[in-house]
Ligand code: HEM
Ligand SMILES: [Cu+2]
């Protein structure tokens, strides 16, 4: 029995037991359902072993949406707890756990897979490629992300949630102050999914450099692809820092090193440094693809060329460089002295310049455009003013001396939600809606979409703008309650109402998906938005080989050229097409790493060693395997093209 | 697969070329990884707590042996790739084999070195300094260990299939990896050992 005691929950609560039961029931239902409908084979052949970038993209997106709801549930719990003074819904410990999992889930398991999912689906299509450079590695990336996400998500029912914040500062995160295995989960869940992200980075850089269609010079890539390229470069440089930080953190907690301890030569602030050397570039990993998506959408629905293409690219490159030199702004108050603070204060403010350039470019793109207010466009238009507020408050925070007032208050919480929600989340919703017909061949209902949009925007403003005020008045972040006499009550109640509206927005979005699957017309054609870039030049939904003939392009708006300047995209005749084979190795390797991570969390060393050996055996097996892919014959391609409504010109 | 005969075998297909580019980018990430470790090392270098300092525990002999052995192995893997380019698989296998033996020698000496640290009371737990020292060396050593298994796999594949675009491609990436580990060792040698003993 002693062995099993370690899996008990350290701070039990009826809600946690209820979730436990729910998880077990849902799992049983899924397994039973798959068995009853005999869908295991289909699932395995078509999805779990796929190496098709489109299917992998869709799996990322599904996971991201599920995680959005998990993180959203955490958010609602926090807002309930803070809705009025001295609330007794969550106690201090549970509040700690909830804000920690909320942050981690939203950043790592919602925003990241959302961004990477859209990149997966769209980038190869935008550059006229048949897949990514390393399809099997791509599948491995996905499954590692998924294993990490699952590991993180079981923590609260097996052994206890992490509770030291998504930034996981030491010494709070050390064994002394975080006694459950929660923080171990944090370390391994992020380590495993982080390695997957790093491989995505490598994969997409090679894809974008080496697999572009003839004629697509770097400066003729659609902007979303540009943003993906820059993002992936940031990933490759930033993620190894996180890898080392997590490793050192694991060692401190499980092998008794004293890197981040307060004695024995250790230095607790070093964790904060490492974390933000990765962490600040990370926020740009999230926002740059969002910028790319907005650029595509704004230009499409204004029916105009994107204004200032070159300055758009240049400003993204500049942002990516600067993003590595600002990390200290996250702890101005921790005593590094005036000179250091001033330098980082200036580098931080400098980021506002390229960002501002982009804002003006979007505005000038819309200037005199024929604007169509579709759902994706609504999100993009709302993004511009809201994100500007986020940027301006960022510059306020960047003033080191003033930051002594705002740091670790609700003002900061308002700032980063103000950048991340209108910035990243709206972009993901806009991108999902925009490319939905690309993926599934029908449009999401616009009416429900617009309702969801308004709930989202009004909810956002109500939920977060009051925090600027209470923050300036001194309401601290990460505090589970406050007293009546502070006077924070009414504004927090307003935030709660806003959060409620946002919850309705997301429920509407989910409902819209079900509604549209059933009711949306399927005859939207291949170009439902009158779009401009290459991904819209093939069929909707996309056949597995993407393009029957490799397109030839001469600008970033290949389809527009085709439509307006009668440029022929597809020259030559249909030939056989080389495609990657499916493989079960990626999911098996990720499963093994899941076991590895889980056993490591609980220090079950024999299982750790066996899993490690199994993992390397899989690598060895792959090395000896001779997989040359397969060919789709020209006849088969022609047949498919007919089925999709005839070959493209 | 289209094979371009004007290129060396390892670059001869589009896939191969992408593999090599991808591997370079991977090495870029590895450089970031080691750069982070080195930075951490410098941060903790003098934070020895109650434990020993570098000057007290470093021994020049094993370190010199390790250095010579690893540098030589970098040379022999270069010779192996040269033999590959000349299309002489036999010679290539010899040089690859020698590289692996040198790698294993390096590793044995490093294990000896670790045992020594243990005996003089410098373990992971002793202080932040010993912790980062062993973590940095250990990360390098783990890379060498991985390299040994990978090298054996390539050796067997060349033995079985001869020099094909695939095996040549793997060998070439492998040589990049091995040179990379060597460069990292030069940093370790200069900035950890020499600096520490001075
Ligand atoms: C002009 C642009 C921006 C500036 C000048 C800026 C500045 C800052 C500063 C100075 C802080 C630290 C404040 C403190 O801890 O007291 C901060 C925190 C933060 N910012 Fe920004 N920021 C900008 C844009 C963004 C963007 C685009 C994102 C995300 C997409 C973002 C996400 C965050 C996050 C997540 C935090 C802190 C999280 C935490 O401590 O848990 N920021 N920002
Ligand atoms: Cu930052």
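FYI, residue positions are counted from 1 along the chain as it appears here.
Using N, Cα and C of the backbone, Cβ positions are placed for all residues, glycine too.
Just so you know, TrEMBL annotations are computer predictions that nobody has curated.
Cross-referencing A:15-37, A:268-290 with TrEMBL places the feature transmembrane segment at A:15-37. Residues A:223-248 are the range that TrEMBL records as transmembrane segment, among A:223-248, A:535-560.
Remote same-chain residues near the transmembrane segment (A:579-598) are listed as 44-45, 48-52, 130-131, 135-136, 139-140, 142-144, 146-148, 150-151, 188-189, 191-192, 544-545, 607-608, 611-612, 614-615, 618-619, 621-622, 625, 627, 629-632 (criterion: CB distance under 8 Å, separation of at least six residues from the stretch ends).
Contact between the transmembrane segment (A:489-514) and the transmembrane segment (A:140-159) is absent: fewer than three CB pairs lie under 8 Å, with pairs separated by 6 or more positions in sequence. Averaged across the domain 'Cytochrome oxidase subunit I profile' (A:38-554), the predicted model reaches a pLDDT of 95. Long-range contacts of the transmembrane segment (A:376-399) within the same chain: residues 294, 297-298, 301, 329, 345, 348-349, 352, 355-356, 359, 362-363, 366, 406-407, 411-412, 414-416, 418-419, 421-423, 426-427, 429-431, 433-434, 450, 453, 457, 460-461, 468, each at least 6 residues beyond the stretch ends and with a Cβ under 8 Å from a Cβ of the stretch.
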